[in-house]
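Single-structure report; data block below.
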Amino acid sequence: MEKYLSLSGNHSSNKRSLEGLSAFRSLEELILDNNQLGDDLVLPGLPRLHTLTLNKNRITDLENLLDHLAEVTPALEYLSLLGNVACPNELVSLEKDEEDYKRYRCFVLYKLPNLKFLDAQKVTRQEREEALVRGVFMKVVKPKASSEDVASSPERHYTPLPSASRELTSHQGVLGKCRYVYYGKNSEGNRFIRDDQL
């Protein structure tokens, strides 16, 4: 009777590779990190599973995943989705910020209210209460860009320079010279502090 199984690093995006999990009905911990698993992930019913990590995979559809997990893993208490597009994180995408991550946590807790830990952070009472009230509204929806919008919008490259300085013939430069050179052996970190400030 196996209770712990790690299939990390198999780099298998094939659904058939997880079909054998149905033989492990008493499984309590399942680690599926670094496997290139996508939105077509299908887990068998695992009624005793309380820990599931799906870090660094290719999961993008959060709602579909959470609905599936609610159905097949009723005892789930610990879930980690770090490193997936579905988990907005500043380390994975520069477009995401802390507010995106808070909305994500709220939505996950709304869908899976029995979680005690999410992405290695303990679920707080305040997060749980907010998920009950606002969780249904925290689903992140982005409009799909139609091919007409992409074709009709001119391509612009961002530049921090004023428009006048972008001309190819109007290059300007600045040359400066440092007037002070430190030749001493000691730090001058506090040379601006007067004796009466010590």
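The backbone N, Cα and C atoms fix where each Cβ goes, glycine too.
Values in this document were obtained by computation on a predicted structure and should not be read as measured data.
Taken from Swiss-Prot, the feature domain 'LRRCT' applies to 96-134. Counting residues per DSSP class in helix, strand and coil order gives 24 helix, 4 strand, 11 coil for the domain 'LRRCT' (96-134).
Taken from Swiss-Prot, the feature repeat 'LRR 1' applies to 2-22.
If you look up Swiss-Prot, you'll see 26-47 marked as repeat 'LRR 2'. For the repeat 'LRR 2' (26-47), the list of distant contacts is 1-13, 15, 18-19, 53-61, 64-65, 68-69, 72-75, 83: same-chain residues at least six beyond its ends, Cβ to Cβ under 8 Å.
Annotation source Swiss-Prot lists repeat 'LRR 3' at 48-69. Predicted-model confidence for the repeat 'LRR 3' (48-69) is 93, expressed as mean pLDDT.
What Swiss-Prot records for 75-95 is repeat 'LRR 4'.
With helix defined as DSSP H, G or I and strand as E or B, the repeat 'LRR 2' (26-47) counts 0 helix, 3 strand, 19 coil. Sequence-distant contacts of the repeat 'LRR 3' (48-69), counting only residues of its own chain at least 6 positions beyond either end whose CB sits under 8 Å from a CB of the stretch, comprise 3, 13, 25-39, 41-42, 75-87, 104, 107-108, 111-112, 139-140.
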